[in-house]
């Protein structure tokens, strides 16, 4: 086994250790069926003809057919180099290029061209920037909202899947002020193995960021990836901790190893357990839950947002539903 990564750099000791375990064979239930409806076909042709780029097609997301049929798509901002390394993530770690201040405008134009109902914006951690990339994330939301303000079907809704910005108050305030319809920050795994899987993040800090977003009035969301060494009991505890922190929406998925350099798959969670976890999360009190082997954090994102809003409005005092909807 070569100790050189595909990008030519020397592999980290952790990556060398990971590479000693061959890529695991997927169970038969890890498969998708291509269902190409008319809206998907339109989107596919548009993306190709306009030279647009979305995470959906570039990452080979298994849910692209359903999401594009609903006119939903995900965009990656901030470049292709992350300043942090998570042991499950396929994005490379390294020194990012200089901030592209025109990127938010271009993303907004892509959203307009694709006539999206719902856009998820995710990106890399930018600890190299003085503001941690807060302006970039916020400005992308502002551009999408501004450029789609006159859309016949209504302004495109934006979900911001963001890093933790080290929980810096000024950086969080910048991001929150852009008022994305949903603020998502993924904890991804349970406390016991968190530091090993996500050494650049802190579990309690992530919970704090979710709480801050909820206190600001934003709809909040997170994700748990299963199969990296957690126990069933730890998943239940993490769900309770997320809900207590103010998380309203949750997605639960199976870890799929990007390459031999990444953390080995420790278990394949069977479909019935995902069903059980969905029921458990709903009993805990989450407004919306998506749970399944091929669910991703942006899967059916627009539907989850709508579930959160319906619950907020039904829980609002009489005459207060309008206030609840304006809060996001």
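Counting begins at 1 with the first residue displayed.
Glycine too: its Cβ is placed from the backbone N, Cα and C atoms.
Among 297, 298, the residue that Swiss-Prot places alongside 56, 61, 67 at the [4Fe-4S] cluster 1 binding site is 298. By neighbour count, meaning other C-beta atoms within 10 Å, the densest spot among the binding-site residues 56, 61, 67, 89 is 67. Residue 298 ([4Fe-4S] cluster 1 binding site) is 19 Å away from residue 86 ([4Fe-4S] cluster 2 binding site) when you measure Cα to Cα. Residue pair residue 298 ([4Fe-4S] cluster 1 binding site) / residue 89 ([4Fe-4S] cluster 2 binding site) shows a Cα separation of 16 Å. Within 8 A of the CB centroid of the [4Fe-4S] cluster 2 site residues 82, 86, 89, the other residues of that chain are 84, 85, 88, 90, 91, 93, 124, 125, 198.
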